[in-house]
Amino acid sequence: MKEQDNKQLVSSRGEPLSRDDDTGRGKERRQENSEFVSVIVKRTDETFRHPDDILEKAIGEGMEQLSRPLFSLLLSAVAAGMILCFTVLAVAVVATLLAEGEYPFSRVMLAAAYPLGFVLCILSRTQLFTEHTATAVYPVLDKRAHVRQLLRLWGVVILGNMIGGVLSSSLLIAAEPVVHAGAGYLALARHLLDYPVEVLFVSAVLAGWLMALGAWIVLSTYSTLSQIVSIYIVTFLIGLGGFHHSIAGSIELFAAYFASDQLAFWALPPVILTVLAGNLVGGSVFVAMLNYGHIRHSQRIERRARARS
């Protein structure tokens with residue numbers, strides 16, 4: 001071996017040749033090898049993520065929300081409540097215009113206006129109850145967070161959304177001489193106040209279900225356009241069905257209360273609490289548990305199958 005190591009390469013003329021390690025190219029190759037970093041290339045051209053990836057993304061986003069400072073959560077929730085007033089504004093304006101005459105497909109027209117504020121709110125990544133807070137359930141189900149953290153998040157977000165709703169509804173009434181939607185606010189409030197508690201609750205469960213489903217679909221898509229379409233479809237269905245969303249409904253009630261003396265303040269809290277409870281069951285509990293349960297169950301079955309093979 002030592003003799004082989006001491007041997008030197010020569011050219012056809014008998015001139016000694018330097019080893020590759022001694023050449024400039026050899027030094028460059030050693031430098032390239034030392035700086036080499038392996039990269040795993042993952043395809044991102046799929047339309048939707050795999051359910052396993054969606055769940056992990058939902059858990060990650062939920063953990064991020066649960067770990068946010070209280071004041072940051074509160075400000076984000078206030079912003080969401082204020083942004084959502086544009087849904088109430090759009091629907092109230094359309095309702096006021098439709099009240100002036102009989103129009104075919106009037107319900108569809110109202111439903112088409114309903115998603116506008118939700119699109120702005122969700123894409124702005126502010127904390128809206130039933131949408132972003134639904135993802136916070138997944139870390140708790142996965143035992144990465146405690147129920148106390150979840151309850152804290154819900155409480156702060158609901159409080160912030162309500163504060164934002166009061167502020168934004170007062171702004172809508174201040175702009176009433178320009179908007180001319182007072183009749184629409186009253187019509188929207190009646191849609192909440194004229195139903196018994198059990199009907200409100202079931203309607204809110206369905207609305208919460210759709211909102212949590214929308215949050216799941218948003219996590220499953222890659223492009224912003226797909227997310228906008230997903231949000232629009234889900235909230236359009238809520239508007240078309242006349243289902244009740246707790247935060248949008250609260251803003252409708254606040255605006256009607258400020259716009260007219262026909263509503264008593266004591267009538268508002270029972271309605272708001274009923275719709276909040278329904279949204280909570282339909283979205284944060286019902287859908288989250290189903291999504292989490294079926295994915296984790298499939299993963300357990302796959303692990304058992306691999307263990308047998």
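Heads up, residue numbers simply count up from 1 along the chain you see.
Just so it is clear, glycine is given a Cβ too, placed from its N, Cα and C backbone atoms.
Where the annotation comes from TrEMBL, it is an automatic prediction and has not been curated.
What TrEMBL annotates here:
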COMPBIAS  16-33  compositional bias 'Basic and acidic residues'
REGION    1-34  region 'Disordered'
TRANSMEM  73-99  transmembrane segment
TRANSMEM  105-123  transmembrane segment
TRANSMEM  153-175  transmembrane segment
TRANSMEM  195-219  transmembrane segment
TRANSMEM  231-259  transmembrane segment
TRANSMEM  271-293  transmembrane segment
Item to check | the transmembrane segment (271-293) and the transmembrane segment (73-99) contact flag, 3+ Cβ pairs under 8 angstroms | outcome: no
Item to check | Top partner of the transmembrane segment (73-99) among 105-123, 153-175, 195-219, 231-259 - counted as Cβ pairs under 8 Å | outcome: 153-175
Item to check | Distant-in-sequence neighbours of the transmembrane segment (153-175), which means Cβ under 8 A and at least six residues beyond its ends | outcome: 65-66, 70, 73-85, 88-89, 92, 127-129, 132-133, 136, 181, 185, 247, 250-251, 254-255, 258-259, 276, 280, 284
